[in-house]
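**Q** Below, the features straight out of Swiss-Prot:
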REGION    1-26  region 'Hydrophobic'
DOMAIN    32-91  domain '4Fe-4S'
DOMAIN    108-137  domain '4Fe-4S ferredoxin-type 1'
BINDING   117, 120, 123, 157  [4Fe-4S] cluster 2 binding site
C-alpha cells in the first residue's frame with residue numbers, strides 16, 4: 001500500500017514540475033501577434049489568389065501592416081478594400097494597380113470547355129480554393145459557388161479550354177455592401 005502512495009506522489013510531483021516548466025516556456029517563448037496584421041487580414045477578401053504578388057492574404061496583410069507594401073494590390077477586393085485599408089492604416093488612398101477595370105471589378109468565374117478538357121489536373125493543382133473537381137484523364141468542372149475568379153487556373157491549361165466568364169448579377173447573388181456607404185454623423 002505504501003508503494004502505491006509513493007507512485008502517486010512521484011507522478012504528481014512529476015506532473016507539477018512539468019506543468020511549471022511548460023508554463024514558464026510558454027511565457028518565455030511567447031510570440032506576440034501584431035493586432036494590425038489581424039485587422040488588415042480581416043479586411044482582405046481571403047480569396048488566396050496571389051494576384052497581389054504574395055502567396056495568400058495573410059502574407060500580404062503582414063507586408064502591408066509593416067508599412068513596406070502598397071495598399072492597392074488586392075484586385076479581388078477592388079477599391080472598397082483599398083479604401084478600408086487606407087482608413088485603418090491612416091494613409092492616403094492610392095489608385096488601384098492595373099487598368100480602369102481594377103477599380104470596379106466584375107465577378108468572374110472559371111468555365112471549362114469539357115469537350116476539350118484532357119483531364120491533366122493542372123488546373124486542379126493551381127486552384128487555391130479547390131473549386132475545380134475532376135480526376136486524371138476525366139472531365140473537370142468548376143464549382144461556381146466556390147470559384148473566387150482569381151484566374152490562376154487559366155494559364156496552366158495546356159489546351160486553353162478554361163475561360164473566365166462574368167457572373168450575371170441577379171437577385172440571388174446580389175449583395176448590398178453597407179460598409180461601402182459613407183455615413184456621416186450629424187451634429188445635434
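Keep in mind that glycine also has a Cβ here, set from the backbone N, Cα and C atoms.
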**Q** Kindly state the mean pLDDT of the region 'Hydrophobic' (1-26) in the predicted structure.
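**A** Taking every residue in the region 'Hydrophobic' (1-26) and averaging pLDDT yields 94.
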**Q** Which of 120, 157 has the fewest nearby Cβ atoms, counting only those within 10 Å, among these binding-site residues?
**A** 120
**Q** What same-chain residues, at least 6 away in sequence, bring their CB to under 8 Å of the CB of residue 123 ([4Fe-4S] cluster 2 binding site)?
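**A** Spatial neighbours, sequence-distant, of residue 123 ([4Fe-4S] cluster 2 binding site): 110, 112, 132, 140, 153, 156, 157, 162.
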**Q** Determine, for the [4Fe-4S] cluster 2 site, the additional residues of the same chain whose CB lies within 8 Å of the mean position of the CB atoms of 117, 120, 123, 157; present them in sequence order.
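**A** Going along the sequence, the neighbours appear as 112, 118, 119, 121, 122, 124, 140, 153, 156, 158, 159, 161, 162.
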**Q** When you measure from the Cβ of residue 117 ([4Fe-4S] cluster 2 binding site), which residues in the chain that are at least 6 apart have a Cβ under 8 Å away?
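**A** Same-chain residues close to residue 117 ([4Fe-4S] cluster 2 binding site) (Cβ under 8 Å, separated by 6 or more) are 134, 139, 140, 159, 161.
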